[in-house]
Amino acid sequence: MNPEHSPLGKATVYAAQYDASLLFPIPRAGAREQLGITSALPFFGTDIWNAYELSWLNARGKPQVAIATFYVPAESPNIVESKSFKLYLGSFAQSKFDSVDAVRDVLKRDVSAACGASVSVQLVSPHDFAKLEMDELDGLSLDRLDLDTDVYEPDPSLLSAADGENEAPVEETLVSDLLRSNCPVTGQPDWGSVQIHYVGPQIDHAGLLRYIISFRNHTGFHEQCVERIFLDILHACKPVKLAVYARYTRRGGLDINPFRTNYNQPMPDNARTARQ
């Protein structure tokens, strides 16, 4: 299914009852082919979706609320278009479920079917809300650099690294809050923070910041932007190990946080940043 056929940018009709058919899958293959990925993926990882506007009725008709987190594997053939996800979650509001577990099971079944892979689902009930953490991405801030730039479309030529043959490899974690891209259907801006961890030739910090800023006028879904960043750094700077994690601010009650890596490491924390 193409994004142009999704609910984005169209008049919205809110479902009165639970409706799994509202989920609109978008194949990852098209965007990945544009990046030169036609066979085995050069990374693995997860898309972490947090849903803050989930409510349903219990068996006696009393409203219940929860925060839902979905872990979508990067190898899934599809992503779910975000507005369709919002409408799908909204369809739970006037539907009765016997338990929290029943809601979780339905969410897992439906979203897994739309993505074409097993999706993990966690629900946090109100009595656990106080346990949820808020934190910023850890690392050395690239935003400390005072520099000029005038490139606002992705340009991997901005990236460079030290000569790997003549200098020892380094291990660094770098972060920036200056990531912005735009929805390919509506043109609405998507604001994010990005964390880049690598082992290899030292990456030029100023060039990396200019590269991140260069996404400012780019149109692409969150997941596609992170994969482009990962591949451009991998090809231009040739790190031995690389991980890219972005946390985007929420829209429509959802935030999307893609993570891509080429080496085994723990799942990143799902702590909200201040802007989220």
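A Cβ is built for glycine as well, from the same backbone N, Cα and C atoms used for every other residue.
Per Swiss-Prot, the features are:
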- C183: active site, thioimide intermediate (ACT_SITE)
- D190: active site, proton donor (ACT_SITE)
- V80, E81, S82, H222, E223: substrate binding site (BINDING)
- S82, K83, R251, G252: NADPH binding site (BINDING)
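A map of Swiss-Prot features onto the structure.
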{"residue": "V80", "record": "substrate binding site", "CB count, 10 Å": "26"}
{"residue": "E81", "record": "substrate binding site", "CB count, 10 Å": "23"}
{"residue": "S82", "record": "substrate binding site", "CB count, 10 Å": "26"}
{"residue": "K83", "record": "NADPH binding site", "CB count, 10 Å": "22"}
{"residue": "C183", "record": "active site, thioimide intermediate", "CB count, 10 Å": "20"}
{"residue": "D190", "record": "active site, proton donor", "CB count, 10 Å": "22"}
{"residue": "H222", "record": "substrate binding site", "CB count, 10 Å": "23"}
{"residue": "E223", "record": "substrate binding site", "CB count, 10 Å": "23"}
{"residue": "R251", "record": "NADPH binding site", "CB count, 10 Å": "17"}
{"residue": "G252", "record": "NADPH binding site", "CB count, 10 Å": "15"}
If we check Cα distances from G252 (NADPH binding site), which of the recorded positions E81, S82, C183, E223 wins as closest?
S82
Going by Cα-Cα distance, pick out whichever of the recorded positions S82, K83, D190, E223 is nearest to C183 (active site, thioimide intermediate).
D190
Can you tell me whether DSSP puts V80 (substrate binding site) in helix, strand or coil?
strand
Just give me the nearest neighbour of H222 (substrate binding site) among the recorded positions K83, D190, R251, Cα to Cα.
D190
Centre the Cβ atoms of V80, E81, S82, H222, E223, go out 8 Å, and tell me which other residues of that chain have a Cβ in range of the substrate site.
I26, D47, W49, I79, F85, F221, I256
Could you check which of the recorded positions K83, D190, R251 is the closest Cα neighbour of E223 (substrate binding site)?
D190
I'm trying to understand the geometry here, so how far is the Cα atom of V80 (substrate binding site) from the Cα atom of R251 (NADPH binding site), in Å to the nearest whole number?
14
Would you measure the largest Cα separation among S82, K83, R251, G252 for the NADPH site and round it to whole Å?
9
Can you tell me the three-state DSSP label for H222 (substrate binding site)?
helix
Whole-number Å only: compute the distance from the Cα of E81 (substrate binding site) to the Cα of the residue listed as 'active site, proton donor'.
14
